[in-house]
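The structure appears right after this line, and notes come after that.
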Amino acid sequence: MIEIARPLVIAHRGFSTAAPENTVPAFQLALAAGADLVELDVHRSADGVWVVIHDATLDRTTDAVSRRGRRRQAVRNVTWEELCALDAGSWFQPRYAGTRVPSLTEAVRLIRTGGCIPLIERKAGEPADLARLLRELNVAREVVVQSFDWHFLRLVHEEAPEITLAALGPASRLPDGSRGDQTDPSLDDARARRAEPTGARVLVWDHYHIHAAGVRAAQKRGFKVWVYTVNADPDYERVLVAGVNGLITDQPARLWRFLALRKGPNATPGP
């Protein structure tokens, strides 16, 4: 993981306000914008390929409904060959027509070649299978894996302790497999303590539910604290004052400009 003094700039689903989310163009633009990490979401296809897409169904970000004539088709029920035939760009802008759903292998290689760290959010798929692929690609030490499912994270850590993990919160499942507590979503010392059995080194929290005391408590336990998904200048300032270590944003270029101006009028945006 990057160890630098300034807050990390993390591009959410790539540069997702400039190109269709979770696609090669979005990742390329995030790299060009100077992101430290590029976040992406993964599911598995019917034939076991790890694919980059946020939703469990294909409707929102592909032309699956018009092409295949059915609504709410689950990613897990479609083969990799069938996914490759879909248009994952036209919904965003006509000039992205023909953009396809990438595989995790393709995305990781692109992001690493660009000198950036992939932040892989697991939406579906087994821990051992993901760990195996990352080892096969020789990137297990060069990525971060995050999930709201802290039980999944614990299993990944047991399988491949070299993988850096990030616990998204509040948790949907706790490390022991029990259901997470969603009643109070704020980051505090108790939640940081519950995350320790996952083996995670980072807590990634909704920016609306963090405060300086909770951030300090998590950091005292050895965690870095990142926040999602922050897109407005007042929110940038608020979470930076709270002491967070990284910001996940749809607008990495805007965040860079904000950080540069915050340092001073003569600062240069970018890494």
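Glycine is treated like the rest: Cβ placed from N, Cα and C.
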Worksheet entry | Per TrEMBL, the range holding region 'Disordered', considering 94-113, 174-193 | 174-193
Discussion item. Summarise the compositional bias 'Basic and acidic residues' (176-193) as counts of helix, strand and coil residues per DSSP.
Written reply: 5 helix, 1 strand, 12 coil
